[in-house]
Amino acid sequence: MFGVKTKQISNAKYNNKEAFLFLLPWLIGVAAFTIWPMIQSLGLSFTDYSIYGNTKFIGLDNYKEMFFDDRMFKTSLVTTFLYVLMFVPVKTVAALLVAKLLNKKIKGMAIYRTIYYIPSIIGAGVAMAVTWKIVLSRDGFVNQLLSHIGLGPFDFLTSPDMALGTLAMMGAWQFGSAMVVFLAALKQVPKDLYEAADIDGANKVRQFFSVTLPMISSTILFNLIMGIINAFQVFTQVSVITNGGPADSTYVYMLHLYRTAFESHRMGYSSALAWILTLIILGVTLLIFGSSKRWVYYEN
Amino acid sequence: MNEKGKKIVNHLILIAGSFIMLFPMVWLISSAFKPGTEIFGSDFKLISENFTLQNFIDGWFINPTHSFGYFLKNTFILVGVVIVGTVISSALTAFAFARLHFKGKGILFIFMLATMMLPAQVTLIPKYIMFSNIGWIDSYLPFIVPAFCAVNGFHIFLMVQFIRGIPKDLDEAAYIDGCSTFGIFLKIIMPLCKPVLFSIAIFTFIWTWDDYINQLIYISSVDKFTVSLFLRSLIDSTSSVAWGPLLANTLISLLPSIILFFIAQPYFVEGIATSGLKG
């Protein structure tokens, strides 16, 4: 870091015009596809805009409707929180444990890493959703396997008690990219910390909780936040596999937003829904950031 | 337990986990080559005695107007153009942030990071209204035009990190030799950025290939259907689902991502590990 500033670098003078040309596509993109739509979305949320007919300004009516009249809003909110509560911890813990196992000098490490990462490559699309839907059906492969050990059959996707949990586990199954991030973090933990702990007589379990976890806590924070942001927006698998059913047990927020906007064509109301979701995600993220001062360890 | 015992336990856990990771794919591959009547049969065999390719033939021609190949071609065109746009626009933006000096750089950079955290839904509906007002619905323009505008901050960030690691002496030498800024970008920095450009291309491929909600919103006519929408249409049909052809098509639709992954595995792992990433 030192010395860089003292050296006169070729383009270390301000050249706004040149930089502007390089940044032009991005600036257009940010203006047209981020800032302007955000402003418009906020404005729309105070109207009854639909694709047909005239638009009226209706003040806070959309928000009032959401909180006092829209039963499905509450259903979708509760469903989504339950999904997040099941998905995020399972995904994070699975990613960390497998990363921990792979971080040892172990034969076939690259092969294992590949196997555990593959679901992250292919798992998010329609194709795997279709596959899961069949594999987990009442006479599907998983129930066949379980019947051999005298269990089941389970209605993984067709019982209101199980469907949401099943979808959450299906999402957590794609823990591969979180795992790779954990692996990179684990490699950064200085070896001498473990040696010191060994000398102090700490066993492996103790070392994991007293050395490993604090040293990678900023990575845990990162993975938690990314996991939560993604979980609140779950859509593809729910839409393809259960479409909100059975008995609305998997009716997540994005499904409500999608149906309000593109089936009921209530664009104004769904813009309000979008803003509330954004505020919720922001709130939860800030809450976790706030709490992180107590549990995330930063060197220096 | 001694060291060897521990290692064996480790392997056993990892192998058991591998089974959970892989069994849906193994089942899919196995079942795609079985006659429809055996797919839900009570005793599972990895390779059926009635091994058949019929599902692939039926699946290819299951749509009355277009073959599966047509939808694959659609998707490859869409994904290809989106990749070109994303790579070019992200590279220009990242170079500016990593190497050029301009007013408001700090604020713009923070703003760029903030757009990475912004949930996509806030802009979903106004973007739909905007694209519908300019008549872009049922075309690929809502995917292509934003791609050329570097809308994904993740790619920019990934590349800024990478360019910052390239020694500045190289730029300086080229500058002294009379190279323009654009020349430095094109002839010095870009050739060194091949790995990260490749990472960006791969991630863009996977994300666009797997994208569902945007394709669902913007594309309505069967002529323009992507693989995701085509697969969805196969289980949506009100008549009974043809399981065998559906599975054959599902398997084919996963192949491009899997092949890409095996060819380019180091770039994946690097990309994720250096930037940290959503999955």
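Each residue, glycine too, has its Cβ placed from N, Cα and C.
Pulled from TrEMBL:
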type	residues	note
TRANSMEM	B:12-33	transmembrane segment
DOMAIN	B:72-264	domain 'ABC transmembrane type-1'
TRANSMEM	B:76-100	transmembrane segment
TRANSMEM	B:107-129	transmembrane segment
TRANSMEM	B:141-163	transmembrane segment
TRANSMEM	B:184-209	transmembrane segment
TRANSMEM	B:246-268	transmembrane segment
Which of B:107-129, B:184-209, B:246-268 shares the most C-beta pairs under 8 angstroms with the transmembrane segment (B:76-100)? B:184-209
Spatial neighbours of the transmembrane segment (B:184-209) not adjacent in sequence (6+ beyond its ends, CB under 8 Å) are 75, 78-79, 82-83, 86-87, 90-92, 95, 99, 143, 147, 152, 154-155, 158-159, 162-163, 166, 170-171, 174-175, 227-228, 256-257, 260, 264, 267-268, 270-271
Out of B:12-33, B:107-129, B:141-163, what stretch is closest in contact terms to the transmembrane segment (B:246-268), meaning most Cβ pairs under 8 angstroms? B:12-33
